[in-house]
């Protein structure tokens with residue numbers, strides 16, 4: 001090609017008018033980004049304007065986007081992440097929003113900006129949907145994350161020793177793998193709204209500024225999807241619960257049992273509340289009036305003394321009854337109360353975190369007052385307490401079977417401390433204080449991480465102990481109502497066959513009707529050698545492996561600290577023994593089941 005061939009034969013562009021130059025000098029980064037895109041679009045259609053059509057695209061800047069992930073056990077982390085995503089989009093930032101149950105863990109290596117909102121379960125473990133990512137980040141194949149910027153919001157309960165542990169672990173591990181922190185981690189307690197809003201506002205402001213520096217094109221402002229604007233299951237929700245009526249409260253353990261388990265039936269007529277097997281019911285409750293009187297007497301406070309609670313001025317007795325947490329002690333309460341008590345022993349307890357955690361777990365608030373008397377005003381005492389929070393119970397019914405009812409399987413918490421009888425807040429309310437036709441405020445808490453297979457022909461294996469059998473009653477009711485072809489296998493454990501066989505006649509009827517195809521029961525105290533569900537799982541290794549090869553889905557419900565861990569260890573033994581895999585292969589197989597949503601757990 002000659003020099004002449006390389007010369008531009010297009011006419012020279014005219015000089016830019018000075019007023020245009022002046023206008024352009026005043027544009028900010030976002031306006032420049034918009035204008036460049038606009039000019040590019042016009043250039044692409046520029047033949048009519050006498051401009052040459054460009055044959056090759058100019059390189060464009062990588063779009064400024066943020067991935068917002070949530071790992072939720074009860075739905076709180078999901079709702080906070082949804083709100084954060086909406087806030088970022090309103091600020092003109094492009095957002096990719098996902099729940100970790102729908103997110104491929106290996107994609108983390110390609111992320112550039114990541115926000116994670118996570119709760120904590122059990123003894124500091126990540127929520128079920130975050131397990132695969134947590135294992136990847138802490139395993140041999142952990143990716144380098146040196147191109148990632150991140151921020152973490154942890155949700156937890158400070159009455160437990162490993163407060164917000166999952167959030168802390170993710171935050172630390174991201175940094176260890178080379179990622180750069182956008183914002184310091186925030187750990188939010190049960191009353192998380194203010195902390196979560198502050199974190200969201202700060203991260204939105206920071207990213208908006210970062211987007212401007214990068215001259216990124218802002219995403220168009222959008223309104224939240226309809227599902228985020230209103231409660232998905234009718235207008236009633238956590239903030240506006242439905243005043244339901246108690247239909248039945250039946251003890252379903254024998255008189256001789258050490259356990260007091262109640263079958264609770266609640267009327268949802270007129271609520272338009274809908275739920276699916278696997279969902280939970282949120283229950284708001286009032287504290288025991290006797291406990292309120294005991295506390296006020298110990299403090300020497302008149303019940304009629306008025307304080308602020310719930311945005312109102314109320315007698316302190318009413319406020320403690322309905323607005324403050326009295327049955328779950330916290331480190332914050334003990335640390336705040338200690339200066340009023342002026343007791344060296346309590347000061348030593350409050351100063352040692354390990355001792356403090358043990359003390360909080362074993363000593364109810366009222367018994368702190370008994371042991372370490374103090375005088376403080378009603379306002380001062382209320383200022384040490386957390387707001388009352390609802391309790392969540394796995395729903396033990398299917399609406400396909402019970403219609404406008406919802407059933408719960410509630411273990412009443414009862415114990416003695418220093419000779420004084422104590423009871424759980426919500427379980428005591430449901431079992432002892434709520435009368436038939438009495439009102440209980442409820443809402444549905446979705447649990448999309450604990451769902452029956454979409455294909456009802458798939459077999460399911462249900463593993464539960466104690467009240468962990470609750471969702472499986474709902475599962476089998478649903479399968480029976482649909483006349484589902486899929487086989488159902490139940491593993492259930494409790495101390496005694498004669499005293500603790502929850503829903504015995506119903507399981508027998510399901511088996512007779514062809515909807516419970518296999519069942520294995522473990523009665524831990526009916527013989528000298530204790531037998532648990534994990535032992536039954538190992539006994540049935542070949543059968544379980546065969547069901548897995550047929551596409552079975554496995555569900556586990558129960559105690560996270562002990563039972564769920566022991567069951568997972570047993571499942572790994574099954575995969576190693578019957579599946580002929582080594583330990584690493586078994587772990588990978590179980591992770592594959594998790595990612596395929598064929599291994600789901602509802603643990604607490």
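Note: Cβ is positioned from N, Cα and C throughout, glycine not excepted.
Here the structure is a predicted model, which means the values were calculated and not measured.
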Handout entry: Additional site residue, 566, 573, 582, 591 [criterion: listed by Swiss-Prot with 524, 525, 530, 531, 532, 533, 534 for NADP(+)]
Key = 566
Exercise for the section: According to Swiss-Prot, 327, 361, 391, 392, 393, 394, 409, 410, 411, 424, 425, 426, 427 bind FAD; so which of 599, 604 is the extra one listed there? Expected result: 604
Completion exercise
Model confidence over the domain 'Flavodoxin-like' (66-204), as mean pLDDT, sits at 94
Exercise for the section: For the domain 'Flavodoxin-like' (66-204), give the DSSP counts of helix residues, strand residues and coil residues. Expected result: 58 helix, 32 strand, 49 coil
Practice task
Using residue 427 (FAD binding site) as the reference point, find which of the binding-site residues 157, 525, 531 has the shortest Cα-to-Cα distance to it.
Solution key: 157
Completion exercise
Here the binding-site residues are 75, 160, 391, 393, and the Cα closest to that of residue 533 (NADP(+) binding site) is found at 393
